[in-house]
Amino acid sequence: MSKKALCIISGGMDSTLCAYLAKKEGYEIIALHFDYEQRTQEKEKECFKQICKALKVEKSYILDVSFIKDIGGNALTDKSIDIPKNELCISDVPPITYVPFRNGIFLSIAGSLAEKENCESIFIGVVEEDGSGYPDCTDEFIQKAQEFINEGTSKNFKVCIKTPLVRLNKAKIVELALKENVPLELTWSCYESEDEACGECDSCLLRLRGFEKAGFKDKIKYKS
């Protein structure tokens, strides 16, 4: 019986690279995508499907967690709140693009699905540099989430949450992704736009800076 990993894939660079690294480690990948009615949900879903096809994933889930939009309080799900432009967040206070406890919600659901599918690992593409003050993107948080899942599931089930990128910066992530032949042109990072990336939001700026520092050109289309 092959070992299985549940890979949370948003459609972005980091989670996609994590899935490729899981495959390299010999895991059978079960792919998981969350639809929480974020601004770019349709583009992210399209990217997820293309990435699954590229990885030859046989089993995938797209789960509706739109209640996150009902909770609100962030610019990703509330279009009345402007996405900050042309500034990277360097504060310890989470920016308005922070979705409260999003990774906690995702990992709780992933823990349930991992137990059902008998996965020994969960891969999630959290990156502390990208965290921009996000408290649920730290290594410490992930370790506590793993303890929580293992405490709340059956005694004969134990899962390891793997975060191979957590200490890397964006340039190193780009370099590693290209080394592993990850099709980054299939990924999407923009918080705001679905046709052409805005090039101005925090996520676009981090992505562009990563490509620039790595010495490569990003193949996706940008408005600016």
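Placement of Cβ uses the backbone N, Cα and C atoms for every residue, glycine included.
Listed in sequence order, GLY125, LEU165, ILE173, LEU176, ALA177, GLU180, VAL182 are the same-chain residues at least 6 apart in sequence whose CB falls under 8 Å from the CB of LEU17 (ATP binding site). Taken from Swiss-Prot, the feature ATP binding site applies to ILE9, SER10, GLY11, GLY12, MET13, ASP14, SER15, THR16, LEU17, CYS18, ALA19, supported by sequence analysis.
CYS190 (Zn(2+) binding site): 25 other CB atoms within 10 A of its CB, across all protein chains. The Zn(2+) binding site annotation in Swiss-Prot covers CYS190, CYS198, CYS201, CYS204.
Classification of SER15 (ATP binding site) by DSSP places it within a helix. If you take the C-beta of MET13 (ATP binding site) and look for same-chain residues 6 or more apart in sequence within under 8 angstroms, you find GLY125, ILE173, VAL174, ALA177, VAL182, LEU184, THR187, SER189, ARG207, GLY210. The CA atom of CYS198 (Zn(2+) binding site) is located 17 Å away from the CA atom of GLY11 (ATP binding site). Look at CYS201 (Zn(2+) binding site): DSSP puts it in coil.
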